[in-house]
Structure formats: C-alpha cells, structure tokens
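Novice: Take this structure, written in structure tokens, and hold onto it; I'll ask about it next.
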Amino acid sequence: MYGIEYTTVLTFLISIILLNYILKSLTRIMDFIIYRFLFIIVILSPFLRAQNYGINLPITGSMDTAYANSTQEETFLTSTLCLYYPTEAATEINDNSWKDTLSQLFLTKGWPTGSVYFKEYTNIASFSVDPQLYCDYNVVLMKYDATLQLDMSELADLILNEWLCNPMDITLYYYQQTDEANKWISMGSSCTIKVCPLNTQTLGIGCLTTDATTFEEVATAEKLVITDVVDGVNHKLDVTTATCTIRNCKKLGPRENVAVIQVGGSDILDITADPTTAPQTERMMRINWKKWWQVFYTVVDYVDQIIQVMSKRSRSLNSAAFYYRV
C-alpha cells in the first residue's frame with residue numbers, strides 16, 4: 001500500500017517538474033520569436049511606408065467645398081517686390097519724388113511702404129552682364145530696341161530660368177553639349193564666340209583645329225551669348241577670354257519669381273520656341289509703348305495679376321552665383 005502511495009507521489013512530482021520545464025521552454029521560445037519579430041520590425045521600419053491609423057473621427061460637411069488659403073491675401077505683407085527699369089525712365093520722368101509717388105500707389109494695391117524696391121539699370125547690355133534679382137518677386141521692364149532684340153531674348157531666357165553652370169577651360173579641352181538643355185553661356189564686355197565641330201578622329205569638320213580663322217563664328221562682340229550647337233559632337237572653341245567668360249550650363253527649369261515686361265515694339269519677344277523652355281508667356285508680357293509715367297501706372301494697376309502668375313522663391317540671382325548654381 002505504501003509503495004503505491006510513494007509511486008503516486010513520485011509520479012505527481014515528476015509530472016509537475018516536467019510541466020514546469022515544458023512551460024519554461026515554451027516561454028523561452030515565445031520570447032525568442034517575439035523579440036526576433038520586434039527586432040525585424042525595428043530594422044525594417046525606416047524603409048517601409050505604412051498608413052498610421054489613429055482614432056476614427058467622423059468628417060462632417062462636404063469634402064468638395066473650396067477653402068480659401070488663409071495666407072493668400074497676406075502675400076504682400078511678408079514679401080518684397082523689385083521693379084527693374086532703365087535709366088531713361090528716370091531721365092524722362094525727371095521728378096525727384098517719383099519713387100515715393102509710386103510707393104504710395106503700390107500701397108493702394110496692398111504693398112506696404114518699404115516692400116517695393118526700384119532698381120535702375122543703365123541698359124540691357126550692362127544688366128545682362130550683372131543681373132541681380134534679390135527680391136521675393138522681380139519684375140523687369142525692358143523697352144524694345146530692334147538693335148538689341150537678340151540680347152533681350154537671351155537676357156529673358158537667362159533670368160526666366162534657373163541654370164547650373166561650371167567653368168570651361170577651352171585651351172585644354174574639347175566640349176560637347178549632351179542634350180537640348182545644355183548650353184554654353186558667355187558674359188562680358190565683348191564676347192565673340194567661334195566653334196569648330198570635330199569628327200571621331202578629332203579632326204575639324206569644315207574647319208582646321210589649328211586655325212581659329214576657319215572656325216564658324218556664332219556670336220560677334222555681344223555682352224551675353226547663349227550658344228547652342230549640335231548635341232553629342234565635340235567642339236573646339238575660340239572665345240575672346242580677355243573680355244568674356246564662358247560657362248557650361250544646364251537649364252534646370254523655370255525661375256518662377258521673375259517676370260519680364262516688354263515695353264513697346266512691333267515684334268513680341270518669345271523664348272518659348274526653345275524645346276527646353278516650358279510655356280512662359282504668362283511671365284513674359286508686353287505693354288504698348290507710352291510715356292514712362294503711363295508704363296508705371298499700368299504696372300501698378302496690374303501688379304496683382306502679374307504676381308498671381310509668379311511663385312515666391314528664396315533663391316537670388318547675381319552674376320557670381322549664376323556661374324555655379326542659380
């Protein structure tokens with residue numbers, strides 16, 4: 001009898017010990033699985049994009065309702081506007097207080113006194129050599145001149161777009177343009193650009209690489225030149241480096257905080273023919289030639305419409321920054 005009781009107790013104890021061992025083993029296995037799973041989740045979470053589900057709040061009202069931007073009407077309170085005009089405008093107006101008058105008129109359109117800056121430039125040529133567009137919004141007035149039509153078009157292409165540029169060493173290297181957005185931009189007091197296309201043996205095509213007089217002249221004594229050649233073909237260049245600097249540039253896209261207003265002229269400047277130029281007619285405008293007072297009155301009257309087709313940008317443009325990143 002006692003032997004049976006001892007056997008029963010011993011069997012019970014062994015069962016308890018075995019159960020405890022099994023439970024501990026299961027606990028260790030579950031801990032391993034859980035911690036390994038959490039570890040994998042932590043490692044992969046930076047590389048995954050998942051929806052973060054929160055409290056399910058009911059949405060009342062129509063989702064199609066148009067809500068006005070609360071800052072849209074306050075644009076002028078925190079922004080600056082630069083108005084660039086030629087010297088002849090100030091000469092014709094001949095009034096020492098004309099800027100104050102215009103500032104008061106801009107105030108009636110929502111631009112506080114001190115937020116509008118009047119920037120004078122001597123002529124298109126000098127402005128193209130050293131463009132300085134520092135304001136949130138920049139409006140450039142260019143009076144049409146048939147003799148400067150090319151410079152005006154290239155200046156518009158320069159300031160209405162952003163460019164990434166690098167220096168060129170034309171004495172050591174041949175250069176080629178990789179695509180239509182790749183241009184060579186030259187600036188200086190007098191830029192004469194000659195090019196000689198090369199074949200795969202680096203021999204001149206229709207020119208002699210050792211004789212610059214046989215090169216094809218693409219620009220003569222200009223202040224600003226945007227040179228476009230056949231893509232994928234090496235070229236040897238001859239540039240008047242004493243009075244001109246040339247850069248290898250890539251057009252990145254539109255500079256949306258700049259607008260150009262052509263004043264007068266029977267021909268309308270249009271740079272949208274370039275396949276790399278997105279339609280920019282909204283930021284390149286024209287008004288009929290009148291007295292300069294009337295021109296400025298027109299700009300003030302339509303400043304709201306002009307600004308609406310522009311976008312505020314923080315990146316400025318000057319001739320130094322232009323060469324590297326605009």
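Glycine is treated like the rest: Cβ placed from N, Cα and C.
This is the feature table in Swiss-Prot:
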SIGNAL    1-50  signal peptide
CARBOHYD  N69  N-linked glycosylation site
DISULFID  C82-C135  disulfide bond
BINDING   D95, G206, T214, E216  Ca(2+) 1 binding site
DISULFID  C165-C249  disulfide bond
BINDING   Q177, D228, V229, D231, D301  Ca(2+) 2 binding site
DISULFID  C191-C244  disulfide bond
DISULFID  C196-C207  disulfide bond
Novice: Between C-alpha atoms, which of these recorded positions comes nearest to D301 (Ca(2+) 2 binding site): C135, C165, G206?
Specialist: C135
Novice: Within the chain of C196 (disulfide bond), which residues six or more apart in sequence place their C-beta under 8 angstroms from its C-beta?
Specialist: G204, I205, C207, L208, T209, T214, F215, E216, H235, K236, L237, D238
Novice: Are there residues of the same chain, six or more positions away from C191 (disulfide bond), whose CB falls under 8 angstroms from its CB, and which are they?
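Specialist: Listed in sequence order, they are A219, A221, E222, K223, L224, V225, V239, T240, T243, C244, I246.
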Novice: Taking each of C82, D95, C135, C165, G206, C249 in turn, which of these recorded positions have a Cα lying within 10 angstroms of the Cα of Q177 (Ca(2+) 2 binding site)?
Specialist: C249
Novice: In whole Å, how far is C135 (disulfide bond) from C249 (disulfide bond) when you measure between their Cα atoms?
Specialist: 24
Novice: Look up D301 (Ca(2+) 2 binding site) in the DSSP assignment and report helix, strand or coil.
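Specialist: Its secondary structure by DSSP: helix.
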Novice: Could you state the CA-to-CA distance between D95 (Ca(2+) 1 binding site) and C82 (disulfide bond) to the nearest Å?
Specialist: 20
Novice: For T214 (Ca(2+) 1 binding site), what is the secondary structure state per DSSP, taken as helix, strand or coil?
Specialist: helix
Novice: What's the most sparsely packed of the binding-site residues Q177, T214, counting other C-beta atoms within 10 A?
Specialist: T214
Novice: Could you find out if DSSP has C82 (disulfide bond) as helix, strand or coil?
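Specialist: Its secondary structure by DSSP: strand.
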Novice: Report the same-chain neighbours of C135 (disulfide bond): residues 6+ apart in sequence with Cβ closer than 8 Å to its Cβ, ordered by sequence.
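Specialist: Looking at Cβ-Cβ distances below 8 Å from C135 (disulfide bond), excluding near sequence neighbours, one finds T80, L81, C82, Y117, N257.
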Novice: Do you know which of the disulfide-bonded residues C82, C165, C244 has the most other C-beta atoms within 10 angstroms of its C-beta?
Specialist: C244
Novice: Give the residue from the recorded positions C207, V229, C249 that has the most other Cβ atoms within 10 Å of its Cβ, counting over every protein chain displayed.
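Specialist: Answer by Cβ density within 10 Å: C249.
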